[in-house]
Amino acid sequence: MSETTNTNEEKKPSLNGRRALPPSNSNDEENEVPEMEAFGLIPRGFNPKDYLRVVNVHMFKEPHEINKQQHHTDKYYSPKLIVRRGQPFQIQIDFNRPYKPETDQFWLEYLIGRYPQQNKGTYIPVLVGDVLKPGEWGAQITHKENNSIRLSIMSSATCIVGKFRLYVAIWTPFGILRTPRNSTTDTYILFNPWCQQDAVYLDDEKEREEYVLNDVGVVFHGHINDIKLRSWSYGQFEENILDACLFLMDKAELELSGRGNPVKICRVASAVINSRDDNGVLAGSWDNTYTYGVAPSAWTGSVDILLEYYSSKQPVRYGQCWVFAGVFNTFLRCLGIPARLVTNYYSAHDNNANLQLDFFLDDEGKLDTKLTKDSVWNYHCWNEAWMTRPDLPVGFGGWQVVDGTPQETSDGMYRCGPASVQAIKHGHVCFQFDAPFVYAEVNGDIVYSRREKNGTQVIEKIDTTHIGQLIVTKEIGGDGMMEITEEYKFQEGSEEERLALETAVMYGVKKQTTQDNTYQPQTDVDMDFQVQKAVLGSDFKVTITFRNKSHNYYTATTYLSGNIVFYTGVTKNEFKKHSFSAKLEPSSSRTFDVVIKSSEYLSELLDQASFHFFVTARINETGKILALQKATVLEIPTLRIKTQGEMVAGKEMSVTVEFTNPLKQTLENVTLRLEGPGVLRTMKKEFRQIPMNSTLIWEVKCIPKRPGLRKLIASLNCDVLRHVYGELNVQIQKP
């Protein structure tokens with residue numbers, strides 16, 4: 001096959017001395033395949049028309065036909081045949097005369113890329129035989145009628161995932177005759193979680209429906225004591241999304257022969273999802289300025305992002321962790337790899353991988369922002385992909401962490417994973433890829449240390465339970481929350497947890513030991529504080545409680561610092577400072593209220609309405625310090641979505657989005673977005689102004705494409721108000 005004549009010589013890539021062929025890493029490029037491949041000199045009387053000739057090939061590629069039904073690919077909005085590997089599919093070949101097996105000989109050829117080679121799996125000749133072997137390439141005639149034959153074709157359960165070109169080849173004594181290039185017979189082959197021999201096999205039908213076939217998901221965000229959720233449209237079946245996902249592998253220059261391996265695909269995809277170092281899909285921005293782009297909170301799904309990247313080939317602006325994770329999830333589900341989006345509350349970004357987040361206090365007990373480099377994200381989203389790990393010892397297959405958010409480099413690029421969740425739980429962080437970083441995200445300790453006037457560092461407090469308190473994902477078959485913390489870690493404080501930590505340390509996760517003599521906390525006074533739940537734009541209070549368990553009188557010099565933070569835990573500025581002295585009677589409790597006025601925070605507010613409060617108290621009699629930090633999120637108003645009239649596939653329907661401005665100011669340059677997979681393509685509308693307390697109403701007409709339970713998702717965005725969402729489940733009837 002590789003000897004084919006190359007007509008455009010000047011376009012040939014330069015070869016180096018090590019390879020006979022250039023690297024084959026584009027699914028998009030093709031070679032020219034000769035329609036007549038002569039064995040030698042052709043005699044004068046030879047007429048190809050005397051031999052068996054293919055008149056037509058039927059692919060049975062309509063959504064209601066057998067192939068897409070049996071292969072669970074009927075939802076893909078694509079006119080071409082899409083099948084899953086390791087499972088038989090049907091085609092029909094019409095010849096110019098009845099097929100005679102005694103004398104006629106034909107076979108099928110599947111080709112991918114520009115330099116098809118049999119040993120690379122990029123040129124696949126499929127011969128017709130008597131039986132189909134499970135999980136191996138083969139074809140079998142199931143039906144003969146007049147000039148037509150029906151074939152059942154089995155693909156290998158490990159074959160390359162991508163778009164193949166199909167040729168039918170017929171043997172004649174003088175050479176091979178082939179069907180001309182015909183793009184309508186192109187066949188997409190995807191991963192197959194329904195096939196036991198496939199590396200992504202998942203044995204539970206409910207899980208396959210959720211993690212492969214569900215095109216809408218839920219992102220959990222907000223804060224551990226105030227969990228917020230919003231829907232995200234993955235849209236993996238929408239028009240051109242499959243091609244866009246295959247393009248990502250071309251962009252990452254993943255060799256075609258490696259595209260049957262989900263471990264390799266996840267590794268390169270986690271790099272190409274972000275734009276750092278490879279001009280990938282999404283540019284991240286965490287600084288609250290989103291000029292010349294879309295604010296991360298405005299996106300309602302992955303489709304717009306992937307299609308914009310596929311057409312412009314330039315990074316799309318802007319993403320934050322849940323946007324990277326949403327797009328990554330679309331990519332994985334689209335190719336057939338079971339995937340879910342996961343949120344870790346209080347996620348450590350430990351920039352020196354010592355399993356310890358160092359918070360430095362100055363001599364008054366205030367946080368020293370210049371020295372403190374580590375940060376605790378209110379939450380961080382990543383993905384889990386399901387696959388076997390033949391590259392690791394037995395027992396580390398199953399869910400793997402993959403993360404497309406650019407945090408730290410791995411092997412020189414911004415990428416993370418796949419890291420086995422099981423290995424992280426047991427502390428076996430020696431197994432590739434990036435397990436130590438993920439281990440620290442869910443297991444770090446927070447160490448508060450204070451610099452004395454003479455320069456010595458004194459450890460004031462160690463908090464071993466703050467990080468990775470709650471890890472969640474969407475429940476199967478519903479919009480609720482499923483806790484998966486115990487998949488990542490043993491019970492806090494248990495013997496197994498200590499053992500896993502010692503294992504991780506043994507495998508080289510650095511953990512600095514803290515000398516016992518320097519760290520003796522004040523044990524006879526407890527301090528805690530609570531932040532009142534509040535709606536954006538209203539006043540609220542912080543209540544600080546001291547409990548003196550000793551028989552001594554104490555006075556505590558107390559300092560409250562209120563900070564506006566990015567959800568990554570990075571402080572923008574301090575908007576509230578409040579100091580007071582607390583007199584603590586023996587064996588008693590006292591509470592103190594600090595009022596936070598809306599005028600103090602509104603002008604400074606960021607995207608996610610996140611606050612971070614530090615309370616530090618010095619017990620004057622002993623010189624010991626009590627320190628505590630908590631994050632909180634304001635309640636953000638929501639959008640209301642309504643529908644009018646009947647909702648039938650193929651008929652026009654009407655959708656209304658309503659919003660009331662709750663702030664004591666006019667909102668300017670407001671953008672609304674509305675989308676719903678299978679119901680309507682993303683629509684956008686701009687509003688110049690929404691005065692305070694006034695209500696905006698936007699009506700949209702659309703024609704739903706598919707019947708069934710669908711979801712409408714809307715977002716509102718402007719400079720002072722972001723993360724405003726609304727959603728509605730709609731039942732679209734069959735016509």
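Note that Cβ sites are derived from N, Cα and C of the backbone, with glycine treated the same way.
Listed in TrEMBL for this protein:
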- Cys321: active site (ACT_SITE)
- His380: active site (ACT_SITE)
- Asp403: active site (ACT_SITE)
- Asn443, Asp445, Glu492, Glu497: Ca(2+) binding site (BINDING)
- 313-406: domain 'Transglutaminase-like' (DOMAIN)
- 1-32: region 'Disordered' (REGION)
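Shown on the structure are the features that TrEMBL records.
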residue: Cys321; record: active site; CB count, 10 Å: 28
residue: His380; record: active site; CB count, 10 Å: 28
residue: Asp403; record: active site; CB count, 10 Å: 30
residue: Asn443; record: Ca(2+) binding site; CB count, 10 Å: 24
residue: Asp445; record: Ca(2+) binding site; CB count, 10 Å: 22
residue: Glu492; record: Ca(2+) binding site; CB count, 10 Å: 11
residue: Glu497; record: Ca(2+) binding site; CB count, 10 Å: 17
Rounded Cα separation (Å) that holds between Asp445 (Ca(2+) binding site) and His380 (active site): 17
Arithmetic mean of per-residue pLDDT over the domain 'Transglutaminase-like' (313-406): 90
Cα separation, Cys321 (active site) to His380 (active site) (Å, whole number): 6
Length of the line joining the Cα atoms of Glu492 (Ca(2+) binding site) and Asp403 (active site), in Å: 25
Other residues, Cβ within 8 Å of Asn443, Asp445, Glu492, Glu497 Cβ centroid (Ca(2+) site): Thr464, Thr465, Ile467, Gly468, Lys489, Gly493, Leu501
Listed recorded positions Cys321, Asn443, Glu497, filtered to Cα within 10 Å of Asp403 (active site): Cys321
Integer Cα-Cα distance in angstrom, Cys321 (active site) to Glu497 (Ca(2+) binding site): 28
